[in-house]
Amino acid sequence: MVRIVIAGQIAAIFLQTILIPFTIVRADDRNHRYENGDRVNLWVNKVGPYANPQETYPYYSLPYCHPEDGHKTDEADPNAGIAEILAGHSLRLSGHPLFFANDEKSFTECKRTLTQADADSFIKAVKGQWFYQMYLDDLPVWGMVGEENEDEGSAYVYTERRLTIAYNTNRIVEVNMTSQGLEEVKAGKDISFTMAIEWNKSSKSFDKRFERYLDNDFFKHQIHWFSIFNSFMMVIFLCGLVALILIRTLKKDFSKYSREIDEDMESLNAGNAALNEDSGWKQVHGDVFRSPPFLELFSALVGSGWQLFFIMLTVILFAVAGPIHGDVYEERGEVISATIVVYVLSSITAGYYSGAFYRKYAAKSSTAGWQSAMSLTLLFLPTVAASVMSILNCIALYYGTANVIPFMVILKCFAIWIFLSIPLTVVGTLLGRHSGKKTIFPCRVNSIPRSIPDAPWYGQPLFLVPLAGLLPFGSIFIELYYVMTSVWNYKFYHVYGFMLGVFGIMTIVVSMTSIISVYFCLNAENYNWQWTAYFSGSSMSVYVFLYSVYYFSWKTQMNGMLQTSFYCE
């Protein structure tokens, strides 16, 4: 009993440690209200080459200095949550003497003599066109490290910064950083870093303070509406085609099979002869509801697919609701935090649909089969995600970037999966296994599978699957360009209403193309339609990958193994 109590207390403490980073707020920044003279913290975040968005390093990896007022360069943000760390943020307190509405004409951050290592670091940063990023009251500011004189082959670093802060009554509404005072970088040279603080009153509304970061001219271009209209017309065409297949063709076949019993013998015999001469999907009615090969794996893929669909839909709706910018933008890693929470809660969805699908096709209620299906559902998504993250983390650790995930964060993510995701998946599997009545198929499954004849080229999965993915990709590729541009070109994506519409259109198009693929597959007398349907929908990802390769090669200037690895994975 004592062991059980101790184990329960340890689990409670561990779960509390996990949940705190999702709810804790920064007392000085999060209420965004100050009185005259209140200290305002300036957080330094990261530096890195402008061409490689994911190749970022901690701010103090460059030999910058800070005022000697008791603050240490390794003093990290104590309130940083899991999502903020996973997003690659590495905030450190700068220690600059900023006080609300109090100008500081100019103060010296520090004076230092550059060593050879310091000079080499600055030269590398200047020639690589590195930038730095800071946060003040959760508003980001950027600046370039320096400039290169290509004629002389020398590097110059900015040593003077001016921070201009606009405020409306007791709230900060705008932050700007300008750099000047170029000094040549040489080993043994004395350099003084200075900063000036200027406070200006403004009539800008606090709710509108993030709008200056949004590129409305780029994201709200008319091409967005054209894309939606074009995709909508595609949906109408595909729905009409599916309706033609399901209503006209199948209705005709159904009337042929449901003739009246009181017909004369001659008509009945003629009808039977016609039935025997039928071909296509009507020949496989006794095998069409046969269990797909690798049922346990397919059940896990179905459950994981529903979980991913639920995650994407919920996160997009969460973004449409408004927490990405404006009055409630403020926490970095907001989308990642929402994704983690939704993933955990949607584990019950994965378990339910996996269990329900397995129950539908399982011939016998085998305990081993249920356990296999449930285990694959538990492990599929986490294994893929953990494998990718482990590779990227090893690469980031090798290069010493800010994207390294600390061991404690890995441990907390593992605990979230163990204590929350796994139990919910098990509960969902049990619900899917035992809820409702057993599925009764309209056609009895033959005890002996019929042989599958050779299909014409247009009825083979190798032709149907690639073709089925082309139309869904055509409905999203314009929006995909905007998403990738925001991720890899320092833009804030904010037109989530368009994304929601495109996501809905993509879902419909994928459904329609999968139905058409299954129809052609069954017409070729191939009753293994489940895998064909699955790969028809997922084949769109191949076109997304090919487009990503094109975007990387022609639309960006990214280079190096580190950035390429993060981009590809």
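Counting begins at 1 with the first residue displayed.
Cβ from N, Cα, C; glycine included.
Copied over from TrEMBL:
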- 225-247: transmembrane segment (TRANSMEM)
- 297-324: transmembrane segment (TRANSMEM)
- 336-355: transmembrane segment (TRANSMEM)
- 376-399: transmembrane segment (TRANSMEM)
- 405-431: transmembrane segment (TRANSMEM)
- 462-484: transmembrane segment (TRANSMEM)
- 496-522: transmembrane segment (TRANSMEM)
- 534-552: transmembrane segment (TRANSMEM)
Who are the chain neighbours of the transmembrane segment (336-355) in space, where the CB to CB distance is under 8 Å and they lie at least 6 residues beyond its ends?
22, 81-83, 86-87, 299-300, 302-304, 306-307, 310-311, 314-315, 318, 323, 370, 373-374, 376-377, 381, 413, 416, 420-422, 424-433
In the same chain, which residue numbers or ranges, 6 or more beyond the ends of the transmembrane segment (297-324), come under 8 angstroms Cβ to Cβ?
334-335, 338-339, 342-343, 346-347, 349-355, 357-358, 373, 376-377, 380-381, 428, 492, 494, 496-497, 499-500, 503, 507, 530-531, 534
For the transmembrane segment (225-247), which partner among 376-399, 405-431, 462-484, 496-522 gives the most CB pairs under 8 Å?
496-522
